[in-house]
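The structure appears below as C-alpha cells.
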C-alpha cells in the first residue's frame, strides 16, 4: 500500500502564510503525497512550486467551508481555480438544501461544478457531522448521478470529522468505481489505516507526515 500516495497534504486555515505553503509543497514533493490541498488564493503559488513533479496534484476547495454559495458562484470559482493551476477540486455541497430535501438543487449544485471542471477531478464534501445517515446516503447517490469522481466526509471546520462508520456507508452507496475521501481528525497511521480498511481511497490531512512516519498529530484537519 502506497500510503503517501493516498494523502492530500492539507493547509486550509485562514491564517496560512506563503511560507507555510512553500513548506507544504516541499514536504509533498519529498514524501510524494497525492496532492497539496490549499485555499484558492494559494493555488497559483502551489502550482508554481510543484511544476517540477506532475505526480503531486494541486487540490483546492470550492464553496468552502459552508457550501452556501450558489451553483453559479461555485462554477466560477472552479473555472478560476483551474485557470490558476488547480488539478483537483473539492467542493462543499449545499448542506442546507440537502437538509431541506431540495434534492434538485443539491444535484444542480454538484453538476455545475462538475461541468465547470470539464474533466478535472471533482470531490464532493458532505459535512457528515451535520447529516443523518439517510442524508449521507442521499448525498452520495446525488454525487454519483451528477458525475463527481469522489465523495468526501468533511471540511474539517465543523463539529466532527471522518468516522469509520460513515466511510463504510459512503463506500457501500457509491460502489467500487467512485473515490471516497476521509478528512477531518485523521492524525496517525492507525487512524488512516482504519479509514482505508473501511473503503477510503484518499485521506485529507494536515498530519500527512505523522501518518506516514508513524507519529501523531494534534491537528483537527
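Each residue, glycine too, has its Cβ placed from N, Cα and C.
In Swiss-Prot this protein carries:
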- 90: active site, proton donor/acceptor (ACT_SITE)
- 152: active site, schiff-base intermediate with acetaldehyde (ACT_SITE)
- 181: active site, proton donor/acceptor (ACT_SITE)
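This view paints the features noted in Swiss-Prot onto the structure.
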residue	record	DSSP class
90	active site, proton donor/acceptor	strand
152	active site, schiff-base intermediate with acetaldehyde	strand
181	active site, proton donor/acceptor	strand
Number of other Cβ atoms within 10 Å of the Cβ of residue 90 (active site, proton donor/acceptor) across all protein chains: 29
I'm trying to understand the geometry here, so how far is the Cα atom of residue 181 (active site, proton donor/acceptor) from the Cα atom of residue 152 (active site, schiff-base intermediate with acetaldehyde), in Å to the nearest whole number? 4
Cα-to-Cα gap, residue 152 (active site, schiff-base intermediate with acetaldehyde) vs residue 90 (active site, proton donor/acceptor), nearest whole Å: 8
